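The annotation active site, nucleophile is assigned in TrEMBL to 169. The active site, charge relay system annotation in TrEMBL covers 341, 372. Feature annotation from TrEMBL assigns domain 'Partial AB-hydrolase lipase' to 34-94. Positions annotated as signal peptide by TrEMBL: 1-19.
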């Protein structure tokens with residue numbers, strides 16, 4: 001067997017097998033706040049408890065030590081990670097390239113969110129982590145509950161009336177869910193920035209769609225029943241060390257461990273950024289999040305979770321789950337997409353644009369090889385993505 005696939009397969013199997021037995025310790029990894037502090041930036045850690053009991057960790061860079069602007073106007077911005085990820089994705093390329101640091105140095109109050117179920121948000125005041133009920137959620141709940149709770153907390157803490165938002169991958173999906181399902185939050189968004197926007201998947205070319213879509217993309221199948229409400233690809237020390245050691249042994253294994261999922265090659269990838277990312281990735285998620293995405297690929301729709309006809313009627317009052325109504329999104333929103341994205345590619349972004357009547361901008365990264373993960377680990381992401389994002393955010397402010 002190809003050694004790359006061997007590492008990935010072992011990581012997945014070992015991770016699932018040890019999910020309930022491995023009580024990994026956050027003290028053994030470099031946390032987001034420690035990473036921020038190591039570069040000289042001030043940092044704070046905040047906890048937000050959602051209406052259904054999940055305790056979410058927010059890391060904050062309140063100001064820039066370079067600007068010493070702690071007594072000046074600092075508009076807040078929330079950065080939200082993708083699937084299997086956490087706040088480290090906006091930090092892993094260091095102060096010169098990562099969006100979180102660049103925004104702090106541009107004068108913003110930067111908040112880094114962590115969705116329920118990842119390594120920084122694994123507590124619930126009502127449910128045990130070891131219960132399947134803990135994992136009974138998908139990105140719909142992250143969009144309708146977690147992100148609104150974060151926004152409410154940040155605005156209350158900072159005293160601002162509006163917040164900027166930037167998300168990558170699933171971080172874009174939950175933004176679309178929030179503003180379509182809870183449209184009152186449109187008024188709280190000063191500007192939204194979607195990196196690798198994910199809503200429609202008809203043209204996705206990643207192997208993951210054809211490999212797993214037929215198995216779990218339709219409700220009721222045996223694989224669907226086995227996987228629902230479980231932790232998917234959890235982070236634990238054994239798998240973490242295995243992948244980390246593989247990176248030291250072979251850049252090819254390290255590169256492909258991530259690129260196999262997202263596809264598209266690694267011509268732009270920064271190997272150092274990838275090594276840092278692997279320290280806390282995969283970060284844990286509910287299996288329902290992945291299943292929901294595969295349902296979208298199967299149905300060609302951007303809609304709520306499909307539980308099967310009987311439960312759909314109980315929950316939604318109809319046989320099929322309802323579509324998310326993108327017409328309800330009125331907050332000024334910018335898309336940033338790339339041609340080589342195998343998960344959320346250009347044809348599917350076109351579908352999103354066609355169904356998004358109030359979209360502010362559809363920006364395309366001007367490099368053909370730029371892929372889904374390049375938005376957070378590319379050597380050239382500052383010039384191609386982060387600088388344009390900050391330029392657009394600045395246009396909403398009067399510094």
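Heads up, the Cβ atoms here are built off N, Cα and C, so glycines get one too.
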Residue 169 (active site, nucleophile) versus residue 341 (active site, charge relay system) - Cα distance in angstrom:
11
If you average the pLDDT over the domain 'Partial AB-hydrolase lipase' (34-94), what number do you get?
96
List, in sequence order, the same-chain residues at least six positions removed whose CB sits under 8 Å from that of residue 169 (active site, nucleophile)?
81, 82, 83, 85, 195, 196, 198, 343, 344, 372, 375
